[in-house]
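Peer 1: Sending over a structure as structure tokens; questions will come in a sec.
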Amino acid sequence: MNKKLHNPFESLKFINFRIYFIGMNLSLIGSWMQAIAVPWLTLNITNNPFLVSLVAAFQFLPPLFLSVFAGALVDKFEIKKILILTQTLMMIVALMFSLMMFFNIENFYLILFLSFLNGVSSSLDAPARQSFVYELVEKDELISNAVALNSMSFNVARVIGPAIAGVVIAKFGLIWCFLGNAISFFAIIISLFFISIKKDRVKPKIDQKFLYSVINGLKYVKNSPVLRFCLLILLCSCLFLPHYSITVSAYAKYGLMGNEKTFGYLMSFLGVGAFLGALFIASYGKVSIKTLVFIPFIASLGLSLVGISGNFYLSGVFLALTGASFVITNASINSILQLNTKSEYRGRVMSIYALCFSGSVPFGALFSGWAVSAFTPKIGFIICAISAVVSTAIVILFFRCKDENCNKISNNLKTKDKNI
């Protein structure tokens with residue numbers, strides 16, 4: 001890790017990134033309001049945590065099948081136009097949720113359908129957003145800072161959005177969470193029209209046939225020990241740790257005997273920790289690859305302590321620890337991938353990153369939903385934490401047994417980014 005303290009907001013000196021950062025921040029608050037409203041609506045309709053996990057699975061099922069193909073599209077077409085399209089589609093989904101509430105249609109299958117549509121849009125949106133950072137920030141050495149700021153904005157919204165949602169749901173009803181999200185999309189859509197990418201940051205066009213482009217991207221990742229190792233570590237964490245809408249909602253209602261405010265406040269604790277983790281990365285740079293392998297274990301420890309504590313305030317502290325550790329892992333891996341990938345492959349590599357991050361959710365969400373339903377929310381936390389520890393340890397041991405891989409990882413990172 002780079003021990004020198006940096007200005008955590010240094011990448012905001014670039015006007016394109018600054019415009020995007022402001023628009024995305026406003027939009028993310030609305031997205032987090034909806035992220036709280038959907039599982040709470042589902043839980044109230046069904047009174048079944050497993051069905052809440054099924055909704056999450058439907059939302060994140062499309063990335064499992066579409067992310068890799070989406071990456072090829074991101075490398076082929078202009079990213080800004082792709083983002084305008086995806087953000088508009090997700091705004092329409094939020095409006096459909098609003099109409100559903102306005103007409104008092106409490107239908108579980110309609111929730112599944114709308115969540116699936118949102119997932120289809122997200123499949124293309126996620127790799128486009130991740131790749132867009134490189135075009136917005138004009139210096140490679142500030143990519144890590146920009147990635148960390150993106151994580152920070154995401155988690156500021158995670159603090160503000162759930163807190164607002166908890167109050168709004170209690171006082172005004174769920175419909176205002178969905179309407180608020182729909183309106184918030186105007187912020188990012190309008191900001192995209194004001195962004196003009198410099199020619200030297202625009203990725204080279206690829207003229208390969210679509211299917212060949214997809215296969216070529218997969219081969220590129222397969223042939224890079226750096227990318228393979230980081231993506232596997234990310235996959236292990238994403239499978240078992242970040243399914244908070246399922247585990248925390250069930251824990252708030254059945255473990256702490258709370259309500260929507262309890263759920264919102266616990267999610268805000270999680271967001272505070274994640275914000276601090278992102279601030280740490282923005283100020284000090286990425287963690288080293290050796291440190292990176294231990295951070296998921298800290299996140300798992302925090303999650304298991306939530307299950308052991310059974311106390312609202314202690315649970316909040318441990319969720320904050322989990323959030324900080326998860327974001328440090330995620331932001332560091334994101335930066336390593338960006339800096340160790342050729343520009344013409346960035347969309348496809350970041351689509352696999354999105355696949356690990358979002359495509360794993362259907363399996364992880366169903367596993368988390370099963371754990372909290374079959375046992376208790378407290379035991380569910382512990383089961384998820386142990387699963388993350390075991391899977392991460394297997395990946396680390398596998399790469400440690402491959403001395404050649406370890407040497408390649410170390411050497412490649414040193415040549416690509418001296419601060420890693």
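All positions are counted from 1 along the displayed chain.
Quick reminder: no glycine exception, Cβ is built from N, Cα and C everywhere.
TrEMBL does not curate its annotations; it predicts them automatically.
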Peer 1: Per TrEMBL, which of 20-43, 92-115 is transmembrane segment?
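Peer 2: When 20-43, 92-115 are checked in TrEMBL, transmembrane segment belongs to 20-43.
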Peer 1: What range among 131-150, 291-310 does TrEMBL record as transmembrane segment?
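Peer 2: So the range that TrEMBL calls transmembrane segment is 291-310.
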Peer 1: Which range wins on Cβ pairs under 8 Å with the transmembrane segment (173-195): 20-43, 226-245, 265-284, 291-310, 316-337?
Peer 2: 20-43
Peer 1: Determine the mean pLDDT over the domain 'Major facilitator superfamily (MFS) profile' (11-403), rounding to the nearest whole number.
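Peer 2: Here the predicted model's pLDDT, averaged over the domain 'Major facilitator superfamily (MFS) profile' (11-403), is 86.
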Peer 1: Of the listed stretches (49-70, 265-284, 291-310, 379-399), which one yields the highest count of Cβ-Cβ distances below 8 Å with the transmembrane segment (316-337)?
Peer 2: 265-284
